[in-house]
Each structure stands twice: as C-alpha cells, then as structure tokens.
Amino acid sequence: MQILLANPRGFCAGVDRAISIVENALAIYGAPIYVRHEVVHNRYVVDSLRERGAIFIEQISEVPDGAILIFSAHGVSQAVRNEAKSRDLTVFDATCPLVTKVHMEVARASRRGEESILIGHAGHPEVEGTMGQYSNPEGGMYLVESPDDVWKLTVKNEEKLSFMTQTTLSVDDTSDVIDALRKRFPKIVGPRKDDICYATTNRQEAVRALAEQAEVVLVVGSKNSSNSNRLAELAQRMGKRAFLIDDATDIQEEWVKEAKCVGVTAGASAPDILVQNVVARLRSLAVAKPFRWKAAKKISFSKCRKSCESIFVKSIKSLAA
C-alpha cells in the first residue's frame, strides 16, 4: 500500500490563532476560561483544551460575572457582542480575520441600506454570526444554500443587493449558487475578493489532485467541521471512496485492505498529530510507506499567517469606506 499525504492539509492560520488565544488565556489567567461555542470544530482540540480548564458554552448567560470569555474562530453576532459588553466580563475575540472580513462586508451593506444574501449552511455558527451583523430594519438579510433557494428567493429591492459567502464552502457548489444569483438578480454585487478563504480553497485543490491518484481518501476532521466535510464530498464526487474520520481509531480495515494507494488529508481544524496517527494505523494494516503528494503549491505556515493578516488589513481599509 502506498500512502499519499495531501499538501497543504491541517491547521490554517486562523485556527492556530484561535487555539493560541485560548491557551494563552489559560496560561495567564488560569482555569476556568469560558469559550462561546467550540473554539474550532475538532474533537481532539476541544477535549484537550477542556482538560486544561476551558469551559465551552453556547449562551452568555452561562458565564459568571467577572469571568474570562473568548469568542470562537467562527465569530458571533452583534447581539452576542452587545450582551457580553453589558456584563462584567473580560472578553477576547478569536474570530478568524477572514470571517471578520465578511462581517464587515455585511455591516457596510447594512449601513448603506443595501440588502444582503449570504451563501452558507443554515445552523452553522459562522453563518449565525454573519447573519447577525445586519441591522437595517428597512432592508433584509437572506440565506441561501443552493441554486434552488436562489430561484425561490424574493427580496425587497433588487436594485441594491449584494452577496457574501461562508468562508468554508465547496468552491464548486458556491460557484453554481453565484451563477444562479447573477442570473436571478442581474444587478447584484459580489465581494471584491472571494470570501471563501485561501486555506479552504488550497485544501480542496489538494484533495482534487490527491483523488486522481488514490483509490481511497481519508479526511481527518470532526463531523461538525464544514471544511472537512467539503473535502470528503469532493473526493466522493470524483468517484473515490472517501471517509471523514475523527482519528485513526475510526479506520475500518475493509476500507483499505484491497487498496494499493490511500490518500490522507486533514481539515483546517485538525492537528497534524492526528494525521501521523492515521499513517501509523495504515502502516499497521499493511506494509506501507508514506509519500508526501504535492497536490497543491506548498505554502509555508508563516506565509499563510502573513497572507491571512495581509488580507485582513487590506479588507479593513477597503470596507471602512
């Protein structure tokens, strides 16, 4: 069996930043530290932080007065921010800068009296936070997930309409929805730069190339991770057997026992230790040597972080108008 490792894979800069904020808060203030929603969607990461004293909550009312509160990487609505401000809390914001960019796009549209359409998955915390940035009572904020949703949608003013996207969507699916939006609402305006983050796009490109070589693709990521689910779906659409796994213990021998080539990748919130454990598990099932498949242009983590920060700074300047 040959094992191909997608590159890039695993942690993105926004996830690493969010985890570091929680770790630093624990180191400085000590336990307990309260985190609104799972800081990132990965069971291993969340369990590790919980063991160190992080308490994950969904409602601000669960946080006692005088406590430390951290917003997750997915961002929160303006209503949640206002509620936290009204309490005697010390608040730190771990929202991914690229999610904040989308928040600012929505807030700008709201100020200008434009209506906004968000492409995203209902119920996802990032979507809830982004929808909650719109506050103009005379306008409207709408959520669509598919081209069918677009054709059924009615807005108040088609002349002043813009769209944004959740940052962790499938590039292919989003393209189809955007095409439908432009046909349904010819005057709709999109973001100056694609809202789907570079880490999501790069990892999807890597899986696309990986799936051309591998018979089976294993995606390391939790079930509630949007970007991890999109990676598994992409490989499946390419006709490959693909499985989303939390860790190596999820691997079933029958998945890979006949495979000559197995591809492995990880979602943006999955640490590399989990990938290492998956490789070890595969090697225990067969004589296997892992190869690093350069399925996408390799970008060093430091460059990813600089890119993330650069995009954020440029976005602030462009959206401040």
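Heads up, the Cβ atoms here are built off N, Cα and C, so glycines get one too.
Of the residues proposed, SER146, SER269, the one Swiss-Prot records at the same (2E)-4-hydroxy-3-methylbut-2-enyl diphosphate site as HIS41, HIS74, HIS124, THR167, SER225, SER226, ASN227 is SER269. Secondary structure from DSSP puts SER226 (isopentenyl diphosphate binding site) in a helix. Its Cβ taken as reference, HIS124 (isopentenyl diphosphate binding site) is surrounded by 17 other Cβ atoms within 10 Å in the chains shown. Of all the recorded positions given, namely CYS12, CYS96, GLU126, THR167, those whose Cα is no farther than the 10 Å limit from the Cα of ASN227 (isopentenyl diphosphate binding site) are THR167.
Comparing SER226 (isopentenyl diphosphate binding site) with THR167 ((2E)-4-hydroxy-3-methylbut-2-enyl diphosphate binding site), their Cα atoms are 9 Å apart once rounded. CYS12 ([4Fe-4S] cluster binding site) is surrounded by 29 other CB atoms, counting those within 10 A of its CB over all protein chains shown. A separation of roughly 12 Å, to the nearest angstrom, links the Cα atoms of SER269 (isopentenyl diphosphate binding site) and CYS96 ([4Fe-4S] cluster binding site).
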